[in-house]
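Worksheet: one structure, shown below.
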C-alpha cells in the first residue's frame, strides 16, 4: 500500500490549494521544547526562509556520521532512500503502523483535514447479451454465422440469437471510509463485475441501470479511474522489466495527486506555529510530493511493505523468460496501483498464489493505511484464513449476482443463525459464508433439528437481509443522500492524468528506450541480416556484369532497385510481432489512465528512427557503387533519402496494422495482404498502362508507387544512361510507363513523408479507440429449463454424469467398480542445490558472487500413501524445488541426488509415471476445457487401458475446434483481388510487356500468398509450442508424433485454399483452359503454399520466439524473391550465383508455372520476331520439357521443410526455467 501516500487524495488545482487547506482556524502552538543541535537549527532556519517552491524541495537528511546535510529531495540517491526507509520502517510488520501514526500526528498537529471518500451503489443492475453453448466457441462456422447474423439483425430481418443474462440483480450498499470491506462470494457470483462497477471500469457493451456515487457525486462529475484504483486478478506485465522498473514507471505516470498541495499548506501552518517536524519524516513527505521522479521513495516503500524488496532487481518474466515467482508477480500487480495517489482501493482476488502469512501481512498493512489515513478499501479474497478475515470491519457477501449481506463483520453469523444456519466451531467463518448459499453444501449447516430442512435460495436470503436490523439500517442510510458540501475539495480527481504532458512523454520515452536496450539482440540481429542481404545483392548485381547497352540491361538495374525496395519493406514486418507483444500491457495502462495513447505512440515511432537511419545507411553505402548505379554523389544521397522514408513508411504501416489487428494472426494476415497490394500496384510488377481502370486508384494511393518512381527517375535520368545517339534511360522509363519528369523525385519524397505521418496518426488513433479482442468471455451452458443467470456468465454449468466418480452406475442399476492401474513409488532427494547465473542488475547493485543460489542443500522423502503438503512463504523456493524434482528446469545448475524407489531418476521414464500441475496455466487457447481433458487422458493413460474404460472418464471425443479460424476465412479475398488486378492478362503474349505482366501475376500470387500462410501460421505454432513443452515434460507424448500431427492437419486446409484460390484466379486471369495446364497450375500452387506453411512452422521451431522467427523468415522471403527468376532472370544472374537459383524454392515454382503455361506456345511474338516458347527459353531459361523435374523438386522441398520442423521440435528447447 502506498505508505508514502501521506493521505490519498486526488489532484486539486494548485491555484486553489491554499484556500482548500485553510478552512480550519489554526491554533498557535508553543515552540517545541525538544533540545536542538545548534548547527541543525541554523540549517533548518535557513530552509524556512526559502520561497515555498524551494522549501518543499529541500530537506535535512542525517548522514551516516550523524550530521544533518541539506539535500534536494528530487535527487535522493538509491543509498539515501534505503537508509531513510531503514530508519522509518525497519521491519514492515512491526514498524509500519508506528510510521503511519507519526505521519498522521504531524497532520493532526496543525489541524489539517484528510479527504475521505464514501462510495454508494444504489439499485445497480447489470445485464449482458451472449451466445449460448456451442455457438459461443470460436470456430470457423460460428465466426461466419455470427457475422451474417449480426448484419441481418442490424437490418431487423431476423431476431438476435444471443441470450439475455443478468450479472448483478438490483444491489445496493454503502462503502464507508476508514473501514476495511471484504467482498466474499463463490466463483462466478459477480464479484469482479461489482468491483469494476464501483471503480468505473465496466465494459461499454454491458447494460447498466442504477447508479454509483462517490461522496454524492456521480461518475461523470470526476475521473473515477484516477480517484479509485482497481487491482485486477490478472497479472499483465512486461516480462523484460524488473520489479523496481515496473513499479517506478507506474508511480511516475500516476503522479503525486494533491500531496504537493497538502504539503505546502502543512508547511505553511507549521511555519506559522513555529513547529519543527521530524527531519526524516519531513524528507520522506517532501520526496513523496515531488512529481516526475524516475525512481521514487514511494516505490521503495511499497516494495518493502509488499515484501518485494528481495526481488526488486529481478525481471518480472513470463512463460518463456525466467522471472519472479507467481506470488511475487501477484504482489507486483497490487503494488502497481498502490504506488499511485488513489484514495479508494478496489482489489480483485489479490491473494491468489500467496501464502497465508504474506496475505495477512499485506492486508494488515492496508488496514493500517485505511484506519490511520482515512482510506476506502474493498478487497475480494477467495478463501481468507481466519486471522486475515478478522482484520476486516465490513463484509459484502454476494451470490448469484445478489447481495446476501452487507454490513459489520460481527453480525454476519447472527444473520445466518436467524435463518437457521450455524457456523461449526472448527470451521473458518469465511469458508462457511462461501458454502452456506450453495445447493451442494447448505444442508450440513442447518441447526433447527425440530424443523425439516428445505433449501433456502439466494433470493430468500437477500429478502430476509432487508428485514434484518443491519439491512434496515443500511436502507435508512441510503434513504438520506450524501451531503455534497461535506466532501473535501481534494477528495475527487478532476484531472484526467497524473502528470503534465511533457512528463508523460518523458516517462514513455525512457521506458521504450529501456525495452529497446533489453531487446537489443533483435535490432543487432536485423542489422546483421541486412548486411548479409546487401552482400548477396551487390555480388548478384555486380558492376562488371552490369551493362548500359540495351533495354534488358536497364531491366536488370530496375530489378536491383525493386529488390532494394522489397528488402526495406520486408525489414519493417518484424514491427508487427514486437508491437502486438506489448499491446496487453498498453491496454491495461491506457484504461487505468496512466497515459494517453499519443504518449505511447510517439516514442514507439521516434526511437525507431535512429535504427532506420543506420539500417538504410548500411544498405546504400555498401551497394550503391558496387552495383554500378549512376556515379553522381548527389544521386547516392537522393537514393538514401528515399529509402530512409520508404523504411519509415513500412515500419509505420506495420505498426498501424498491428494496432488495428490487435492479434498476431489477424495482423500477420493483413500485413501480408498490405505488402501484396502495395507491391503489385507499385508500377513494377504491373506497369501503369496495364493496370485495369477499376484498380487505378490503388496505383495512385500506393506509397511504393511514389518511392519506386522517385528511385527509377533518380537512376535512369542520370548521365550514365544517355549517349550521343539516344537516351536509353528515358526509353526504359517509357517502356515500363514510369514517370519521366525529374520533379517526380521530390513529389515522391513529399508523398512518402505524408504517408509516414498518416500511418503514425492511424497507429495513434487505433490505440486510442480500439479495445483488445479476446476478452475473457464465459461460455454459457444451454439449459432450456431455466433463464440464464449470473452464475452461468462466468462459468459453464457442468452436469454431473458419473464421469467424475470412480464408480459408475450402469443401465441395469448395478455398480461397476473401476480402478486404474498404477505402481506406487517413493521419491528421495538429498542435498539438492540449485543455482543460476547472477542477474546483471544485481551485479550492478554491487553483488560480487557469480551465482545466485536458490535451493541450498534441500533433502527429503515422499512415501506412497502419504499426502505431503509443501509449504513456505511466497518466493521461498516451492516452485523451484518442484521444478527440479519434476525435471522441468531447462537452465541453471543442479547438484545433489534424486532417487525413485532407490534407483537414480531417469527423466524420460519418470515423466511417464508422474503428473505435475504447474502454477502457470499454459493451455492451448483453441480447445475447450473438455477437449483438453480428452486429449490428456488419451495420451497419459497406459496402453493397457482399453477404450471402453477410457470412455468411462470421457463420454465422447469431440471434434477439435479448428486451430486457425482466420486462415480460410480470408482465402477468397486475395484470390478475387488478384483476379481483378491481372484481369485477362493470361491470354496476351504478343509483347515482352504482356509476358512480364503474366509472369508478374504468378510471381505475386506465389510469393505473397505463401508469405501470408507462413506468417499467419507462426503465432499459432509459437503458442502451441509452450503447451507442447509442458505436455512433453509431463511425458504425454514424444516430440515426433506431435510434430507430424501439426504437419498433417495443414494438408486438407491448404488443399482447400489452393483449389479455391487457383480456380478463381485461373479463370479471371484467362490462362488457357486445357486440363493439363489447369492441373499443373493447381499442383504447383498446392505444393508452394504447403512448403511456405511448413517453412513458417520450421522458422518457429528453430528460433526462441516468434519475434526472431518473423525476422529470420523475412530475410529468406527477400532472398527467395531475389532469386525467383522474376527480379533477375536466370540468364542475367552472374555465374557465381546461378547455383542458388536452383536452390531457391520460389524459382522452381515459377519455373513450373511459366513453363507449363507458356513453354509450349509456338505463336510468333511480333515485337521479338521469335516464338513465345523460344523467347521464354532465351530470356528466362525455362524449358517446357523440364516441368516434371520442377514438380518433383517443389514436392521435395515441402517434405524437407516438414521434416526439418519435426527434427527441430524434437531437438531444441528454448524455454528458460
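Glycine too: its Cβ is placed from the backbone N, Cα and C atoms.
Of the listed segments 521-542, 697-718, 719-740, TrEMBL assigns transmembrane segment to 521-542. Within the set 499-518, 579-598, 639-658, the record from TrEMBL flags 639-658 under the feature transmembrane segment.
From the options 468-492, 743-767, 768-792, the stretch TrEMBL describes as transmembrane segment is 743-767. From the options 424-447, 664-687, 808-831, the stretch TrEMBL describes as transmembrane segment is 664-687. Beyond the transmembrane segment (554-574), the same-chain residues lying 6 or more positions past its ends with a Cβ under 8 Å from any Cβ of the stretch are 522, 526, 530, 533, 537, 541, 546, 548, 615-616, 619, 623, 627, 629, 643, 646-647, 650-651, 653-654, 671, 675, 678-679, 682, 684, 704, 707-708, 711-712, 715-716, 721, 728-729, 731-732, 736, 1015, 1107, 1110-1111, 1114-1115, 1117-1118, 1121-1122, 1127-1128, 1132. For the transmembrane segment (1140-1159), same-chain residues at least 6 beyond its ends with a Cβ under 8 Å from one of its own Cβ atoms are 986, 989, 995, 998-999, 1002-1003, 1006-1007, 1010, 1071-1072, 1076-1077, 1080-1081, 1083-1084, 1087-1088, 1091, 1095, 1119-1121, 1123-1126, 1130, 1133, 1172-1173, 1176-1177, 1180, 1182-1184, 1186-1187, 1190-1191, 1193-1194, 1197. Listed by sequence, the residues of this chain that lie at least six past the ends of the transmembrane segment (521-542) yet keep a Cβ under 8 A from its Cβ atoms are 556-557, 559-560, 563-564, 567, 571, 574, 578, 611, 614-615, 618-619, 622-623, 626-628, 1107-1108, 1111-1112, 1115, 1118-1119, 1122-1123, 1128, 1133-1134, 1136-1137. The stretch in 664-687, 743-767, 1186-1209 that contributes the largest number of Cβ pairs under 8 Å to the transmembrane segment (639-658) is 743-767.
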